[in-house]
Amino acid sequence: MDMDQQLKTILRGSAEFIDEEELKKKLAKGRPLRVKAGFDPTAPDLHLGHTVLIHKLRHFQELGHTVIFLIGDFTGMIGDPSGRSETRPPLTREQVLQNAETYKKQVFKILDPEKTEVRFNSEWMDKFGAADFIRLASRYTVARMLERDDFEKRYRSNMTISIHEFLYPLVQGYDSVALEADVELGGTDQKFNLLVGRHLQSQEGQEPQCVLTVPILEGLDGVKKMSKSLGNYVGIDEPPADMFGKLMSVSDELMWRYYELITTKTLDEIAELQRRVASGELHPKTAKEELAEHITAQYHGSDKAAEARQGFNAVFAQGCVPDDMPEFSCSCGEDSTPPAFLADSGLAGSRGEAKRLIKQGALSLDGEKLDDPNTPLTAGEYVVRLGKKRFLRLIVR
C-alpha cells in the first residue's frame, strides 16, 4: 500500500493529527511503527465507545505496524483527571488487575492477538523511586499543567487539585519514553497527556511521537457521550439480542457515524451504502439492520448476529413477545417495586435509570403501561417490557 493510501486509512475518523509531515517521514523509513494506546482498567468491562480507539489500533495493525495495547495498571491506581471536575478516587492494585484481565479478553475480539504487544506500565513505573519521580516532576511546570482545561477550570473555581493528579500526565507521557512510541492514540480529552509524551521524548533524545486523537462516540441518545452511568451504552459482552436491539434504536444520522467509527467496513463500502439510501434504493431501516448485524457479529459471530436480526424482526415488526426472554424472581414488598426489580434483574442499569424510564412511559406489564414507580407488585407472573427492546418474565412470590 502506498503512503497516500496508508494516510487515508490512518486518518479515517480521526479528530486531530499532530503532525502529518512527521508521520510521512516515519513511514518513509520503511519500518513498522510502534503505535501505542493506553487504557486504564478503571471498570470491569468495555462498551462500544471504548472501541473507537481499538478499531483505530486495528487500522494500524492491518497496515503492518506494531500495536501496543498498554494497560495502565500503575496509572489506574492514580486515577485519570481528564475531563473531571473533581478528584477521581484511586483503585486498589487488586481491582485494577482484575479489570485488566477482562479488558484483554474483550479487546481481542477486535485486535489480532498474534500481532498485539500487551504491556503493563507497572513494568517500569514500579521501579521508580522517590528521586526518579522528583526528576520526572521537574520536566514540567505548574504553569504548563494549569494550561490544561480541566485543571484551569478547577483552579479558577477554587476546587481541589491533588498533587498526584499532576503526576498522571507525566507518568502517561513517560510510558511513551519507555516504549519508544512512534505514534500515540487517544480520545480528544487526552490531547494534553499525549503532548506531554512528545515533550518528554524530546527531552530524552527520542524522536517525538505523532499524536492522533479520535472523537468521543455519542451514546444511543445521539446527544451525550456513550456512558454506562448515563444508560446510553452498548456493552461489548451484552447478549446478541440486546446488542442488536439497542443498535436499532440509534437515529438514522448517528447510524453513519457508527459505521465509520466502530465497524470494519471500508470507506468505499460505507459511501456505497449512503448512496443507495439517498437514492431510495435501500431503506434506512435496512441499512441500520446491516449495521446492527455487522457489529453484533464482531463480538458474537455471524450466526448469533443473524439470529438476533431474525428475532428482532419477529418481535418488533410482527409484535411478538420473545420466547427466550430472561426470567427473574423476587419477593413481594420493596423488592417488587418497579425500580427495584428492573435494576436487580439487570433490565435497567440502576434504580435511578429505572425511575427515569418509568416517568418517560417506557415500562409496561402484560401490555399495559405502568407509570407508578412506588407501588410493589402483588404475587404473580408478569411479562415486563422496558422500552422497545428489553423483555423480562417476572415472578413475584
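Placement of Cβ uses the backbone N, Cα and C atoms for every residue, glycine included.
If you look up Swiss-Prot, you'll see 41-50 marked as motif ''HIGH' region'. Counting residues 6+ beyond its ends, the motif ''HIGH' region' (41-50) has Cβ neighbours under 8 Å at 71-73, 76, 79-80, 88, 91, 96-100, 102-103, 106-107, 216-217, 219, 225-228, 233-237, 258, 262, 295 in the same chain.
Annotation comment: Swiss-Prot describes 225-229 as motif ''KMSKS' region'. With a threshold of 8 Å between CB atoms, the same-chain residues lying at least 6 positions outside the motif ''KMSKS' region' (225-229) that come near it are 43, 47-49, 216-219, 235, 349.
According to Swiss-Prot, the feature ATP binding site maps to Lys228, an assignment based on sequence analysis. There are 16 other CB atoms within 10 A of the CB of Lys228 (ATP binding site), with all protein chains counted. Secondary structure at Lys228 (ATP binding site), as computed by DSSP, is coil.
The average pLDDT for the domain 'S4 RNA-binding' (340-396) in the predicted structure is 84. Positions annotated as domain 'S4 RNA-binding' by Swiss-Prot: 340-396.
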